[in-house]
Amino acid sequence: MKWLLFFGALIGAGICGRDKFFGDQVFRINVRNGDEIRKLTELVNSDHLKLSVWKSPSTFDRPVDILVPSVSLLPVKSFLKSQGLDYSVTIEDLQALLDNEDEEMQHNEGIERSGDFNYGAYHPLEAIYHEMDSIATDFPELVSRVKIGETFEKRPMYVLKFSTGGGKKRPAIWLNAGIHAREWISQATAIWTARKIVTDYKKDPAITSILKKVDIFLLPVANPDGYVYTQSQNRLWRKTRSRNPGSRCVGADPNRNWNASFAGEGTSDNPCSEVYHGSHPNSEVEVKSVVDFIQKHGNFKCFIDLHSYSQLLMYPYGYTVKKAPDAEELDDVARNAAQALASLSGTKYRVGPTCTTVYPASGSSVDWAYDNGIKYAFTFELRDTGYYGFLLPASQIIPTAEETWLGLKTIMEHVRDHLY
């Protein structure tokens with residue numbers, strides 16, 4: 001009871017001091033050729049406009065989503081009109097969505113004073129950690145909570161290990177979520193997945209047989225500092241919270257910081273950029289903690305990273321258009337997983353290699369995993385396709401988690417049957 005009251009007070013205090021986005025809008029822009037992509041890239045790189053890219057300019061069949069501050073609406077509209085670029089407004093007032101989200105969180109805090117964790121709500125970091133503790137306590141024969149490191153701001157990083165025994169280094173699957181702080185549906189889906197595993201073990205033959213052969217390691221919040229900052233200050237924060245010497249800008253993109261074509265295409269050397277790659281590979285302690293743990297273990301067979309948004313299921317590579325050696329098998333597995341996911345509610349996912357499905361992205365977790373011998377490496381971009389973007393309502397958490405579970409389970413079954 002006390003911890004719930006404490007977190008409720010934190011939420012209330014955080015909401016009062018958070019950045020506001022009154023009148024800010026999200027534009028969806030359709031590009032038709034390379035020249036239009038170039039023009040749009042010039043626009044988003046205009047620092048004085050303070051635009052935030054939600055979906056990057058990449059391919060002609062993929063719309064671009066850009067958050068436009070209210071003070072930049074007129075110049076951006078003028079630019080788009082002058083260049084003949086078609087656009088629509090998908091979010092009329094960003095602050096209105098944020099206010100709804102805040103109200104939902106406060107309402108949920110009141111409900112949870114009964115002591116039950118609501119999986120259909122977004123939670124502060126400590127509430128997620130408390131629930132991880134509860135799962136490990138309730139199912140000690142199957143689950144243990146493991147501290148793998150500390151963040152830049154000295155918060156612990158916790159992983160849940162699901163294992164039926166058989167040695168410390170059995171074949172293993174890594175499930176990652178929340179590496180980009182603002183993608184709240186990924187953290188919420190991950191903690192729901194943790195409860196789903198323990199609930200279905202010995203009841204669902206699929207997950208029971210998976211755990212007979214492999215261990216599952218689940219990191220629900222891969223960027224704790226950033227996640228806390230999204231709830232205390234800036235809901236749309238993406239990066240870590242490390243300090244960059246010589247710059248007023250904070251943090252690096254933890255999914256551009258891995259040693260996989262580091263500092264290559266799709267990254268920036270500008271610390272103020274949302275895709276700043278960091279000073280060197282693994283410069284972010286959150287990334288290094290995962291790398292060290294996985295390398296020390298030495299027997300991971302699968303690495304899955306949960307993100308949002310766009311409804312995509314991708315595999316290596318992100319840093320090159322070159323086909324991965326296992327591309328054909330990975331594509332088959334991903335398509336089967338997407339089909340299983342769609343079987344629940346009809347949610348459609350696009351499947352393909354990262355670089356050609358969305359955009360070039362060097363230094364990603366999944367490419368690092370693949371380059372380090374973890375063959376089954378996948379990225380999920382969860383709901384939606386842009387109507388809410390990163391602000392997916394809490395009412396969609398459980399539907400998203402339930403369908404994602406079907407995709408995850410399909411991949412894990414394939415790993416179970418194709419250990420190498």
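Backbone N, Cα and C define each Cβ position, glycine as well.
When Swiss-Prot records HIS180, GLU183 as binding Zn(2+), the matching candidate from HIS280, HIS297, HIS307 it lists for that site is HIS307. Cross-referencing CYS249, CYS302 with Swiss-Prot gives CYS249 as the cysteine bonded to CYS272, criterion being a recorded disulfide. With GLU126 (protein binding site) as the anchor, the candidate recorded positions are CYS272, HIS307, GLU381, and the one with the nearest CA is HIS307. Across the fold, the C-alpha of GLU183 (Zn(2+) binding site) and the C-alpha of GLU381 (active site, proton donor/acceptor) stand 10 Å from each other. Using a 10 Å Cα-Cα cut-off from GLU381 (active site, proton donor/acceptor), the recorded positions that qualify among HIS123, ASN259, CYS272, HIS307 are HIS307. In this structure, the CA atom of TYR122 (protein binding site) is 32 Å away from the CA atom of ASN259 (N-linked glycosylation site). The average pLDDT for the domain 'Peptidase M14' (121-415) in the predicted structure is 98.
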